[in-house]
Amino acid sequence: LQGIFVLGLPYALLHSGYSGLFLIILAAALCCYTGKILIACLYEENEDGQLIRVRDTYEDIANACCKKLSPRLGGIVVNMTQVMELIMICILYLVVSGNLLSHSFPYVPVTEKTWSVIAFVTLLPCIFIKTLKIVSKLSQLCSLVHFIIILVVMTYCLTQIRRWSWAKFRLSIEFEEFLVSVGVIIFGYTSQIFLPTLEGNMKNPGEFRCMLNWTHFFACVLKTAFALTAFLTWGEETKEVITDNLPSFLQTLVNLCLLTKALLSYPLPFFAATEIVYACISRGNHSNYRSPLFALGVRGSFLLLTLLMAMFVPHFALLMGLTGSVTGAAMTFLLPSLFHLKLRWEKLSFLEKCADISVFILGFLCSLAGIICSIKGLLEVFG
């Protein structure tokens, strides 16, 4: 929930003004809600009225919703969507790593793509990751590095408090720039892809809803505080990545911390994507598809694919925006609300049905607007 997207929040406030602060709070509430209803779809009531976990993954939920059309259609669609988004996230981390290294060592005569290859070499041990426990420890280190970055930026901003002025906030907004801000704010909270696995691995799954409430609350507070202090410090001079506004002596330190964070963030989407692909391939009875060597081959192939795409796909940022508008909105808003309505319609109150329908409509509009803006950007690039 506190990913690299956080560094773009001050820039989002630049283009969204006071409405951006409201959006940060609203996005936290909506993503927390869709996380809860997604997990609710994993459970069914037994004869005694007790909730029993009858499904394990996002795929199982989709299959249950589409079983009348085709037993596996929903799962195929969801898996394709998940893998597509996770691949894009992994590639983004490689691209970002190359960019950060080139900015941290500008005097070294090495291209940005070469730096990406160097970053890729440090990620090779990922092919040996077999359990979520290893990923969780890396993610814990990632969180620690992230808080160091936030602390450095906010401390510097607090030393510049004499420059702060609420007059820097915009009252009027431009529609296209506002849509970009909406995308940055909303997709900074997305975690739905990982929630079924996370809830299934908790020692006490009954605490899941409480955990979700507190994590989204603290994420919202930290995002608001960070975005506000940074924007009040630099105002109209706020850059797309706020660390670019820092003095040079701090910029190198923060860039190296960001590089560490990007590399430590890679294993989570990598592990999730390879697990989905491996599960789909090894579902048959052929013993060769379930061997450890084959699993190693799947992870190695996936790792190499992310490098090749990071190196050779042109205009990746625009393609990422287009993919994110489709997959991100679908996995975060559209599918959770749709599945919840489908599986639990008879159990839902009128207000719950209205809430699910509203989230679905909002997700559809966000996705549509993002697709239009991304396609427009691609058309401009290609003339």
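The backbone N, Cα and C atoms fix where each Cβ goes, glycine too.
Any TrEMBL annotation is an automated prediction that lacks curation.
The feature domain 'Amino acid transporter transmembrane' is assigned by TrEMBL to 2-375. Per TrEMBL, transmembrane segment is recorded for 20-43, 76-95, 115-132, 144-166, 178-198, 210-233, 253-281, 293-312, 318-339, 359-379.
Ranking 76-95, 178-198, 253-281 by CB pairs under 8 A with the transmembrane segment (115-132) puts 253-281 at the top. Cβ atoms under 8 Å from those of the transmembrane segment (210-233) belong to residues 1-2, 6, 9-10, 12-14, 20-21, 24-25, 28-29, 31-32, 35-36, 150, 153-154, 156-158, 160, 163-166, 168-169, 188-189, 202, 242, 245 of the same chain, restricted to positions at least 6 beyond its ends. Within its own chain, the transmembrane segment (293-312) has Cβ neighbours under 8 Å at 87, 90-91, 94-95, 98, 113, 116-117, 120, 123-124, 126-130, 270, 273-274, 277-278, 281-282, counting only residues six or more beyond its boundaries. Scored by C-beta pairs under 8 angstroms, the transmembrane segment (144-166) has its highest count with 253-281, from the stretches 20-43, 76-95, 178-198, 253-281, 359-379.
Just going by CB pairs under 8 A, the stretch in 20-43, 178-198, 253-281, 359-379 that sits most against the transmembrane segment (76-95) is 253-281.
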